[in-house]
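K.L.:
Before I ask anything, here is the structure I am working with.
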Amino acid sequence: MGIPIRSLLVASLVLSSIALHVAAKTLDPYKVLGVDKNASQRDIKKAFHKLSLKYHPDKNKEKGAQQKFEEINNAHEILSDEEKRKNYDLYGDEKGNPGMGAGNFGSHDFTGGGPRTTYFSSGDGWQTMGGQGNSKTFSFSFGGNPGAGGGNPFGFDLGDVFSNMFAGGSMGGSQHGGFAGSGRPSARTSSQHTNPVTIQEVTMQTFNKEIADQGITWLLLFYTQQAKGQFVLESVLEDVARSLDGAVRAGKVNCDNEKALCKKNGVSVGKSARLFIYSYSTAEKGSLHEYSGDSDAKSLKTFCQEHLPRFSRRVDITQFNFPSSALPNLPEVLLLSTKKDTPAMWRAVSGMFHSRLIFYDAEVQDVSLPLLKRLGVKNVPALVGRTVNGEVQLLKDGISVKDLQSGIKELKTLLESFEKKNKKLASEQAKKPAKASEPKENKIPLLTASNFEETCGEKAPVCIIGVFKSNKAKEKLESILSEISQKTLIRGQSYNSGNAITYALLDGNKQSAFLSSFDKSGYKSSDKLLIAYKPRRGRFAVYKGEVSMEEAERFVVSVLNGDVQLSATGEKPVLR
């Protein structure tokens, strides 16, 4: 008795579907990345990052690693795009092509060309469902009620056939053509997944308006369509930008489209994408620093923290007094914390406000210090400010934050409020009628053996000495230093009262022995110069250029901020 033809046909179809599934089972993007169908975008990114590192051709030379890497990239491309993911969940195809119509019952096609359903990968990566052009297509459609059960209305999912036959799947759920399957979710909204940190597409206009010298630290990925490693770096970039949200922003530059921007920044992209940080760690102006470490979030995060802005001056709270601003009309702020180093969030906001405020920070382990008691500081972290009219006040103590982002937001709010108050004070001062000018008292003493200890001795943290060798040079230095001293010293205070800086004039013709302590030649070729001397450390710096008001002030500010390299004196300077 022969086997009925119908039975043979059904058996042939089932066996063929099983064969197709075995060849295609790794092409389910969820299975490729090893994530659940309800996985969040963050879970997908983590899985992609982990697998990309494992199978990256530069690190994995095993046979099949290249193809596996392509499958991982293509799986990520589908699942990281909400529209493609939704289409895949609905139709098994990221483009939304259901393949053969729902009304075509029991049809099958093994031909190539034209839009068909496929579960196989071409050399170019994912071609899941609806292959085009020369890609081969293999499709099945098990007929059934297209409206039943809310499942896939366009045909039975081969993965479900395989699952039910070999994995003991449940017999409940959607019914298609007499087969029971688990079915994928019929729809997926973006609210079901955690939105990743946005990596902004950066154009020349964006760079000039939002990045260049704006005080904000950026991670920038430069790439071309042909460059390798973009997806790996982008995944790491998103992880780090999320963990440092508020302190660091992320962007990417397509050098195929933004040739002028890449050329302007001196970035050429060869075979591999390149990652840079735009930071202010060493200068007033921002600059690019390339990241060349491992492609993992921890290493990149460390790199970012090292390159956060450094506009805050670390001070010793036991000896600190607010100096008057070395730059006119700039308020000053001091962060008190238990941190041994400047906190990352303070470094971040110092970049954002560096042209509007002067920053200090200090480690505090004991709030019973006289200065803190006087200010009313009971708990740290605390923020103290000095207004443009010289008033020192506690802005807030016991600052409590839950993470980096909320901490930066809290500090920005406090600083913006303090800045607004200072603008009001400056406006009120400008409206007051100017007092009749009084003759300026000469506050710059001539350095002699009798006043040296008082003016430039151990009690003076920094002493600025204007050295002259002619009356004309003396008059110019005296005028310049006198004006600068009004900006950096509070009127009525003596030089040994604990201020950060003192000033003096020195007759270079009479004190050549004193000058030889700094330079063997005694600066014989210079008619006038400035010496910044730190007696406690026995170190100094010299400015020998054209002494103008602007250059002299810049030199003094640089010394105070620690931006000038100091040299050791040959011997202790002594006046005779």
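Quick reminder: no glycine exception, Cβ is built from N, Cα and C everywhere.
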K.L.:
If TrEMBL is the reference, give me the range from 65-92, 401-428, 485-512 marked as coiled coil.
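P.N.:
Going through 65-92, 401-428, 485-512 one by one, TrEMBL gives coiled coil for 401-428.
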K.L.:
Which residues of the same chain, at least 6 past either end of the coiled coil (401-428), have a Cβ under 8 Å from a Cβ in it?
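P.N.:
Apart from its flanks, the coiled coil (401-428) reaches 243-247, 329, 331, 333, 344-346, 348-349, 352-353, 356-357, 383, 385, 387-389, 395.
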K.L.:
Using DSSP, break the domain 'J' (28-92) down into helix, strand and coil residues and give each count.
P.N.:
45 helix, 0 strand, 20 coil
K.L.:
Can you give me the average pLDDT across the coiled coil (401-428), rounded to a whole number?
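P.N.:
In the predicted model, the coiled coil (401-428) has a mean pLDDT of 89.
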